[in-house]
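Quick look at what Swiss-Prot lists:
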TOPO_DOM  1-15  topological domain 'Mitochondrial matrix'
TRANSMEM  16-34  transmembrane segment
TOPO_DOM  35-40  topological domain 'Mitochondrial intermembrane'
TRANSMEM  41-66  transmembrane segment
TOPO_DOM  67-72  topological domain 'Mitochondrial matrix'
TRANSMEM  73-105  transmembrane segment
TOPO_DOM  106-128  topological domain 'Mitochondrial intermembrane'
TRANSMEM  129-152  transmembrane segment
TRANSMEM  156-183  transmembrane segment
TOPO_DOM  184-190  topological domain 'Mitochondrial intermembrane'
TRANSMEM  191-223  transmembrane segment
TOPO_DOM  224-232  topological domain 'Mitochondrial matrix'
TRANSMEM  233-256  transmembrane segment
TOPO_DOM  257-261  topological domain 'Mitochondrial intermembrane'
């Protein structure tokens, strides 16, 4: 390894940003093909490419941070700023969906019957599955905080238990959301109500799946003793992301499920 006189990590050229971008293109194109032509070939190709990219990119980052020691305190500080900016960009992303929802619901057009929910739409009961989903995500927020505190105290077993509980709650939330979609009395094509409901809650569901994947990687890394009480930014970033997903759901629940019904 060459000697360097600074604390920054000079990253080697990597193909994964390109393959990740191509997999995103294949997945979005595949979704359109699935919706309009009932063909899942392109979607499956995109998902496979995405999974391979994730595996190999994570492998490289783990190698650079844990085994080669490139993630110095200075690099970790930069990564923290990067994660904060990423979460801010996600906040703005969801702001667009809330804007669309409130724009449509606060002044419903005569075409919708001048009321919200629009005439003919039977909204979901906010005190049934949505309320259960809310309690599941709030419980997962408690368990991820327990995992973080256990890691800071060097209690490995408690950290693994709490992380496993968080992942299980995340998977349970996803299954509940899928069953709710399956049984919903309206579809994404049912006007502006269906569009705003499924796009906002669907993107949140996608973020829960991403967060769960992030936490599963952290779980396997912890099994291999990758984290210490002073060096665990991978887990910290996952915890921040999970709390963000939690807060977004609270806004979705209050706005779309409770007030919007």
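Cβ coordinates are placed from backbone N, Cα and C, and glycine is handled just like the others.
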Stretch contact, the transmembrane segment (73-105) with the transmembrane segment (16-34), Cβ-Cβ under 8 Å, 3+ pairs: no
Number of helical, extended and coil residues in the topological domain 'Mitochondrial intermembrane' (35-40), per DSSP: 3 helix, 0 strand, 3 coil
Positions on the same chain near the topological domain 'Mitochondrial intermembrane' (184-190), where near means CB under 8 A and six or more residues out: 121-122, 124, 197-199
Per-residue pLDDT averaged over the topological domain 'Mitochondrial matrix' (1-15), given as an integer: 80
Within-chain partners of the topological domain 'Mitochondrial matrix' (67-72) [C-beta distance under 8 Å, separation at least 6 from its ends]: 1, 7-9, 79, 231, 233
Folded-back contacts onto the topological domain 'Mitochondrial matrix' (1-15), same chain, C-beta under 8 angstroms, at least six residues removed: 57, 60, 64, 68, 70-75, 78
Number of helical, extended and coil residues in the topological domain 'Mitochondrial intermembrane' (257-261), per DSSP: 3 helix, 0 strand, 2 coil
